[in-house]
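S.K.: Structure in structure tokens, see below.
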């Protein structure tokens, strides 16, 4: 198999973690006789520094022509004073929109080796944490109309949370298909007691559910969901929600699993094209110090192999290699606990690589 992968190192620790993921992917390609062609793409703060814009047209074109995109992280305080249309984060929004990446898939799974790093009590952790958040990615308040105007002598700002029925239907089908292959439970999270857009979500999701009689659907207000994720996360299997709610809840879900450093994510289109990235930020405070955790990026690469390329066996090899490294007690600083062996970003990549080759 030959696949072309656009690689966005991005900012901060992005280059460090991506370097480790590429090392693993190259080993997988050699072992299973695949050809992965990697093409570096400028985006985010690095692109601003070099080209003056967060997402050069050349970068966008390369991503469109690729089979998948692998991203490290973008952003940092260095670019905080850039105008809103040219902030590093704007590159991500543009990529999602232009590539049609409407579905964000983010697992929240407690790795047993990291249970001590979770802030939750043992009585909660013992019930297990294993759910997926399916977040609509190119609609809602992030892409609605934004206004800043002066009315009666004072500034007034507004941001529109806009959704069409077709947008909701598309993401709902993704969630139901995922749930059908898991425990067949979906909780749709909204704020239907207040928001018209949430009421439309319920109307459309109810219709989609008619084609998935084997999947149990329930609804939960977002404020309650935020509480329940910490109080009783074992109740969840698949959470379906809109863009902003999903952004907030998925970050909350990541920390209860012990560390954001190990969590991957996928942003998918209607076809096989996807963008894969760890959920952590660019962490400029530790950039260049070999302290970053590469596991989230390595697992993102594993998701890419499975979801975009259909290479399930190869994906499982990477996942097992990560488990082996943790079983042996290797930990980066963010997940360190007593009795474990502290390693840096590069060494963690090397340890995982040993189980792949």
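Cβ from N, Cα, C; glycine included.
So Swiss-Prot says this about it:
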- 76-89, 281-293: NAD(+) binding site (BINDING)
- 96, 106, 135, 223: substrate binding site (BINDING)
- 223, 247, 251: Mg(2+) binding site (BINDING)
- 142: site 'Important for catalysis' (SITE)
- 191: site 'Important for catalysis' (SITE)
S.K.: Which one of these binding-site residues, 80, 223, 247, 251, has the sparsest Cβ neighbourhood, judged by other Cβ atoms within 10 angstroms?
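M.R.: Least crowded of the binding-site residues 80, 223, 247, 251, by Cβ count within 10 Å, is 80.
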S.K.: Once near-sequence residues are set aside, which residues in the chain of residue 84 (NAD(+) binding site), 6 or more away, have Cβ atoms under 8 Å from its Cβ?
M.R.: 90
S.K.: Using Cβ-Cβ distances, find the residues under 8 Å from residue 135 (substrate binding site) that belong to the same chain and are at least 6 apart in sequence, listing them in sequence order.
M.R.: 103, 104, 106, 171, 241, 242, 243, 245, 246, 247, 250
S.K.: Under a criterion of Cβ-Cβ distance under 8 Å and sequence separation of at least 6, what residues of the same chain contact residue 291 (NAD(+) binding site)?
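M.R.: Sequence-distant Cβ neighbours: 332, 333, 344, 345.
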S.K.: Report the member of 76, 88 (the binding-site residues) whose C-beta atom has the most other C-beta atoms within 10 angstroms.
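M.R.: Max Cβ neighbours within 10 Å, all protein chains included: 88.
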S.K.: Record lists 96, 106, 135, 223 as binding substrate; longest Cα-Cα distance in Å?
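M.R.: Between the outermost Cα atoms of 96, 106, 135, 223, the distance is 27 Å.
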S.K.: Between residue 76 (NAD(+) binding site) and residue 96 (substrate binding site), what is the CA-CA distance rounded to a whole number of Å?
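M.R.: Pair distance, Cα basis, whole Å: 20 Å.
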S.K.: How many other Cβ atoms sit within 10 Å of the Cβ of residue 287 (NAD(+) binding site)?
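M.R.: So the Cβ neighbour count for residue 287 (NAD(+) binding site) comes to 18.
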S.K.: So which recorded positions out of 142, 191, 283 end up within 10 angstroms of residue 223 (substrate binding site), measuring C-alpha to C-alpha?
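M.R.: The recorded positions close to residue 223 (substrate binding site) (Cα within 10 Å), listed in sequence order, are 191.
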S.K.: Fewest other CB within 10 angstroms, which one of the recorded positions 96, 106, 191, 283?
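M.R.: Ranked by other Cβ atoms within 10 Å, the recorded positions 96, 106, 191, 283 bottom out at 191.
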S.K.: Take the C-alpha atoms of residue 283 (NAD(+) binding site) and residue 251 (Mg(2+) binding site) and report the distance between them in angstrom, rounded.
M.R.: 15
S.K.: Whole-number Å only: compute the distance from the Cα of residue 287 (NAD(+) binding site) to the Cα of residue 251 (Mg(2+) binding site).
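M.R.: Cα-Cα distance, residue 287 (NAD(+) binding site) to residue 251 (Mg(2+) binding site): 21 Å.
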S.K.: I need the CA-to-CA distance for residue 142 (site 'Important for catalysis') versus residue 80 (NAD(+) binding site), whole Å please.
M.R.: 18
S.K.: To test your reading of the Mg(2+) site: which residues beyond 223, 247, 251, same chain only, put their Cβ within 8 Å of the Cβ centroid of those residues?
M.R.: 222, 226, 244, 245, 246, 248, 249, 250, 252
